[in-house]
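Peer 1: Per TrEMBL, the feature domain 'UEV' maps to 2-145. Among the features that TrEMBL reports, region 'Disordered' is placed at 144-184, 223-245. Positions annotated as compositional bias 'Pro residues' by TrEMBL: 149-158. Here TrEMBL flags 233-245 as compositional bias 'Polar residues'. The coiled coil annotation in TrEMBL covers 264-333. Taken from TrEMBL, the feature domain 'SB' covers 346-414.
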Amino acid sequence: MAAYEAYLRTALAKYEYADITKRDILNALRSYTDLRPMKDTFIFNDGKRQELLCLTGTIPVSFKGSTYNIPICLWLMTTHPYNPPMVYVRPTATMQIKPGKHVDTNGKIYLPYLHEWKHPQSDLYGLIQILSIVFGEEPPVFAKSSAGPPRPAYPPQSRPNLPYPNSGGAMPMPTLPASSGNTGYPANPSYPGYPGYPAQATQPSSAYPGYSSAGYAQPTATQAPSYGGYPSQPANSTTVASGNSLSDEQIKASLLTAVEDKMRRRLKEIFAQAQAELDVLKKTEEDLQKGKQTLDSMLQKLETEQNEVERNITLLQEKDEELRSSLEKVEGKEDIPIDDIVLPAAPLYRQLLTAFAEEQATADAIYYLGEALRRGVIDLDVFLKQVRGLSRKQFLLRALVHKCRQKAGLPDLTG
């Protein structure tokens, strides 16, 4: 299993949901050990090629008390598990496909489980379990008879387009069973058939993929000695004809299958085109919704800024009215007393202003006395006598300024 994990990590590199797909595959391989993953090339009916992963091998099927190995191949789309796998029966050289309610002449398997596939309710393990049950009621293959004439080749115009590429070798054509002596194959159960399976819109718009048999070891009876042989087709079956011509039932079944495949391909193309247009419309809708949200945000921001600008305009208009009113009052007066404007009205503040002015004037006087001493205008004795008196006065003025500021509740001056 560890080797499978390493292989799947590389093989699923181009898958959109690689981790989910790997878990789904490993879960199926734990229970069905005869299956193994293999990467191969799909060849669609339109000639398109695509590298996809498949689970190829055999699954055990119980039929009439015996266990048989039925060879199948499950092809996983790159969008797995959100799209159902495509399942085919891969008969060996000793087997022949038995068309029925769930298997067509090309080996394509149809099941309601595949038609109603939905992740995470559907997975590969559940699909293989249902295949085992369905094949137990109606085996999809029967053993070829060793005796009997070889089956003639299809005419050039009526040969069906089998989903197997030419590169891997042509699919072996079975021989007709002997006219008598074979054990009859049980008739199909009488349960009602399922309705037709319309193509799903999420699947790729291509036809059924072809298989490449390169590297595929066809299981034989010797690979599982504990299992019994495959049941034989009844001699009086109406699906084959004796001689060198095809029976009417075979021609009818082939034509019905061809028409069904063509209609299915056409429906897939229509659904795929509609889905692509729908995806484009959804993407456009998402872009428009994002643009609408951006525009709404811009409009809201513009409205907020507009309201703020309007408030500022109103405030400026009020200030402008105040200034105009003040100018009108000033223009009406001819003589304005400067002292009344500069001097404060309260006595405390008037005393504070006077003391501060005198203290600053004393500081200037001390400065100029120093300049006069430096220039030799006055001698040292005169300088010391004047500075001593001015310093005493400056100290008293500073103390008065400090006290006035405390009374007025003003902060102290620093420096």
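Backbone N, Cα and C define each Cβ position, glycine as well.
Because TrEMBL annotations are produced automatically, they should be read as predictions rather than curated entries.
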Peer 1: So what's the average pLDDT for the domain 'SB' (346-414)?
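Peer 2: Across the residues of the domain 'SB' (346-414) the model's pLDDT averages 91 on the 0 to 100 scale.
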Peer 1: Within the domain 'SB' (346-414), count helix residues (DSSP H, G, I), strand residues (E, B) and coil residues, in that order.
Peer 2: 58 helix, 0 strand, 11 coil
Peer 1: Could you count the residues of the domain 'UEV' (2-145) that DSSP puts in helix, in strand and in coil?
Peer 2: 42 helix, 47 strand, 55 coil
